[in-house]
Structure formats: structure tokens, C-alpha cells
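**Student:** So that we are looking at the same thing, I have put the structure below in C-alpha cells.
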Amino acid sequence: MERTLVSELSGMVGKTVTLQGWLHWKRDLGGIQFALLRDRSGIVQLVVEKDVDLPIAESAMEVRGQVVQNAKAPGGLEVLAQELQFLARALEPSPIEIPKEEWRANPETLLEYRYVSLRGEKARATLKVQAALVRGFRQYLDAQGFTEIFTPKIVSAGAEGGSNLFPIDYFEQRAYLAQSPQLYKQIMVGVYERVYEVAPVFRAEQHATSRHLNEYLSLDVEMGFIRDENEVMDLEENLLRAMLEEARRSVSSELELLGAEWPNLTEMPRLEHAEARRILREELSMPVGQDFNEEAERALGAWAKERWGVDFLFVSKYPEVARPFYAYPEGDGRTRGFDLLFRGLEITSGGQRVHEHRMLVEQLEKKGNDPANFAGYLEVFKFGMPPHGGFAIGAERLTQKLLGLPNVRYARAFPRDRHRLTP
Ligand code: AMO
């Protein structure tokens, strides 16, 4: 018996079909019962004889029945159930009544019972949008001659500075969970010229905020033989357009369901860091440091939206003091490093990197690092590393801002935050 998906029913009026899915909701009207069946493609109403003993919601089931039109049913169709088979009965009532509660449940409850709350249409749509963005990322970069790489997540040293590393025991040695594939993606530029990685990274952020996760999906890009960081930003612009277009093409109904506001993809201006600071200080009367805090980023985002009508804003030529040792110095205190803000939230850091061994040693020392501790890393730069640069996009933050989610945790199936290690 061939399975029909809910999304295929409109072409099957009058026919008898077999559906599989979950019991989403049920109502007993005395003479007759109504139920909703949910599968991966949608939800349909079932009309069920009164003497059938329907199990509780979230049971897995198979139904054979006739497809009929009914203007009053959701989607204008329903299935008159003739045979029902329960493949896996739910053992107890779901802690979250998905259809009723998902849109207004306590956020902590949704995360606590993630294994069922993920079945809600909002949660499913969110992660489908993210999957489409990631698919767009891969498709675009594949077409541009990039090679996908897979680098270790158990590492011997931090890539972004030591403060937020998770230490682990690695037999007799101390190891860490990777904060970023930074050093490895640079090494791989020496192999393939253009590389990308889609993988989780780990940050021991102590603070619980709406934009920090302790484990997040990093979309990393690195490319060789560049003239300067502008080429990297050009690539990121086109990449983001491709990612969003893939989402619009493949998950438009999910975007609509979640009320996603389509961003301005035409213009993504580049503002030098010094100019951004001036604007914050003089035009927005905000105290600013060398690195922008959350408030400053939000203010800059709002300023750019009002002034230029843009959603994406690059802040370029970051000062050396606010960048890691591998950022390419301009020699005047600035670097070729940039951030990209999306609706006032940093979704990317990137830039051109130091590719010369001698300069790298200098930069390490300038930052107070002992080059001896980076011997393995420095080794790589003895063998013809071309000028190169890249960036990383935080997938959850991009999803969060595209969909207007109040917290980045909803953009991850099983978020790890300061207080959450389960489910
Ligand atoms: P950075 O540390 O700025 O740069 O991280 C890059 C992007 O990753 C996202 N991000 C986070 N998302 C959720 N929770 C967090 N705790 C978190 N921390 C960072 C942000 C951020 O812009 N190696 C460099 C990238 C590069 O230069 O290629 C790096 O990791 O969206």
C-alpha cells in the first residue's frame, strides 16, 4: 500500500489513500470524531467513526480512507477514515499541547520539553528555514569552486583567545573543544585555495544572553589569493543573497508562517570602524570602546536602517586592539578585519589574515603571546601560504534575525546555554 503525503491530497479527491503521521489533535462530537493527522508535509482533518478508540495526541498512526472535499475543513479537504492502525501509542499526555500551546507557552517549557515541542509548526518551520540557509551556503560555495572540509573539534589550543574554552581530558593530556576552525581552515587554504565548513563550535560564555549559545553552528569560509578584505566581503554579500534566495525558493510557506520580514539584499554598505565610532559618539551620543557592545551594535543597525534603508552593515578596518593576532594589520593601528551586522546584531567576523611567518610572530608577540606556544601553527606558514581571508557566520544568529526570534536558542534544536545541558 503506497503512502500518500498530506501535501499530495489536493490531487486525490475521491480516491482512497494511506496516510502516516501523528495524531495532532482530536475532538469527540458525540456522533462522530474529528482528528488532525500531521506528517512531514502538512496537517489534514480525519473524520473517524464514533466507536473507534482514538489514542492520545502524538501517537504515531496509519490511516486508510477516502479523500473528500469539505470547505469547512482546514485546507478544504478531509479524509473519511476507514482503517486506522496505531503504530506507536503515546504513553502519556504530551507535556505541551502542541497545537494550542506552542504559540504562547512559556519559553523555558518549550526548551525543557524540546523533544515534543520541536514537533510544533513554528519550531519545525524555524529549523527548516535554517536548513535551507545552510543548503544555500553549500550550493553557492560549491559553485564557486570551494571544497567542504571537516576539521577536528578536539584541539590542543584555542583559536580565538583563551577565555572561553571548554577544557576536556584527552587521555593523559589537556585538550579543548574547538572554539572555531580558524587555524585549520587557514591550513586548508594551502591545500584547496577555497574552503568552507559547516560544523558546531563551542564557547564557554559565562553570561546568559539572548544572542549567546555555548554550542553553535559556525558557517566558515576561507579563500586564498585575495588582494584584500574587500574581496572577502564581496563574496559574503553574494553568498548571503544566494542563501536567502534558496530559503525563499524552498521554504516560502515557512517564512510566511513565521512572519519573516524580507531584508534589503541590494545594498550592504561598508562603514569603517573609526567612522562608526564617530557616528555612535557624535550622532547617537553613545559612549563607545574599541569593540562595540550589544547596545552599540543595535544603535548602529538602527542608524543604518533609518539613514540608508539597509539591514546588513559591514563595519570594516577594525582596530588591532579589538582583533585576534591573525588579523592583517594595516600598520596604523587598523586591521583588515570586519564584522557584519544584520539588523543590529553581529552575525559575522572576518577579514584578511596574516600570511607571512615573520609578521605572524610579530603579531603574536604584540598580543603578549609566546610564539613558542604556537609552534605548530607557525610551522604552516613556512610553506607558501598565499594572501588569504575569510569569515564565519553564526547560523543561529542569522536565523534569529531573519525570523525576528526573541532568543537565539529557538534557532537551535537542542540549545546548550549557561544553564541547559538537557535534553
Ligand atoms: P567570532 O568569534 O566573531 O569569529 O564568531 C563568528 C560569528 O559566530 C557567531 N557567534 C556566536 N553565535 C552564538 N553564540 C555565541 N556564543 C557566538 N559567538 C560567536 C557570531 C559571530 O559573528 N574565527 C572567527 C571568524 C573568522 O574570522 O573567520 C570567529 O570565530 O555570528
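Including glycine, each Cβ sits where the backbone N, Cα and C put it.
As listed in TrEMBL for this protein:
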SITE      P74  site 'Important for tRNA non-discrimination'
DOMAIN    127-423  domain 'Aminoacyl-transfer RNA synthetases class-II family profile'
BINDING   E160, R203, S349, R353  L-aspartate binding site
REGION    182-185  region 'Aspartate'
BINDING   R203, A204, E205, R211, H212, L213, E346, G394, A395, E396, R397  ATP binding site
**Student:** Would you mind pulling the longest C-alpha to C-alpha span across E160, R203, S349, R353, which the record has binding L-aspartate, in angstrom?
**Tutor:** 22
**Student:** Helix, strand, coil: count each for the residues of the region 'Aspartate' (182-185), based on DSSP.
**Tutor:** 4 helix, 0 strand, 0 coil
**Student:** When DSSP states are folded down to helix, strand and coil, where does E160 (L-aspartate binding site) land?
**Tutor:** coil
**Student:** I'd like to know which of the binding-site residues listed (R203, H212, A395) lie near ligand 1, counting only a CB under 6 Å away.
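**Tutor:** R203, H212, in sequence order.
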**Student:** Tell me, how many other CB atoms lie within 10 A of the CB of S349 (L-aspartate binding site), whichever protein chain they belong to?
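**Tutor:** Taking all protein chains shown, S349 (L-aspartate binding site) has 19 Cβ neighbours within 10 Å.
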**Student:** Where does the mean pLDDT land for the region 'Aspartate' (182-185)?
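**Tutor:** Here the predicted model's pLDDT, averaged over the region 'Aspartate' (182-185), is 94.
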**Student:** Any idea what the Cα distance is from P74 (site 'Important for tRNA non-discrimination') over to R397 (ATP binding site), rounded to a whole Å?
**Tutor:** 34
**Student:** Within 10 Å of H212 (ATP binding site) by C-alpha distance: pick out those among the binding-site residues E160, R203, S349, R353, and say none if nothing qualifies.
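**Tutor:** Those near H212 (ATP binding site) - Cα within 10 Å - are R203, in sequence order.
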**Student:** Could you tell me which of these binding-site residues, H212, R353, has the greatest number of Cβ atoms within 10 Å of its own Cβ?
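**Tutor:** Selected residue: R353.
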**Student:** Work through the binding-site residues one by one (E160, R203, S349) and name whichever has its CA nearest to the CA of A395 (ATP binding site).
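**Tutor:** Ranked by Cα distance from A395 (ATP binding site), first place goes to S349.
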**Student:** Determine the Cβ neighbour count for E160 (L-aspartate binding site): the number of other Cβ atoms within 10 Å of its Cβ.
**Tutor:** 17
**Student:** Taking the Cβ of E205 (ATP binding site) as the centre, count every other Cβ atom within 10 Å, in any protein chain shown.
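**Tutor:** Step by step: centre on the Cβ of E205 (ATP binding site), count other Cβ atoms within 10 Å, giving 16.
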**Student:** Cβ atoms within 10 Å, counted per site: which of P74, R203, E346 has the most, among these recorded positions?
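**Tutor:** Counting Cβ neighbours within 10 Å, the top one is R203.
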**Student:** Compared by Cα position, which of the binding-site residues R203, S349, R353 is the closest one to R397 (ATP binding site)?
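**Tutor:** When the Cα distances are compared, S349 comes out closest.
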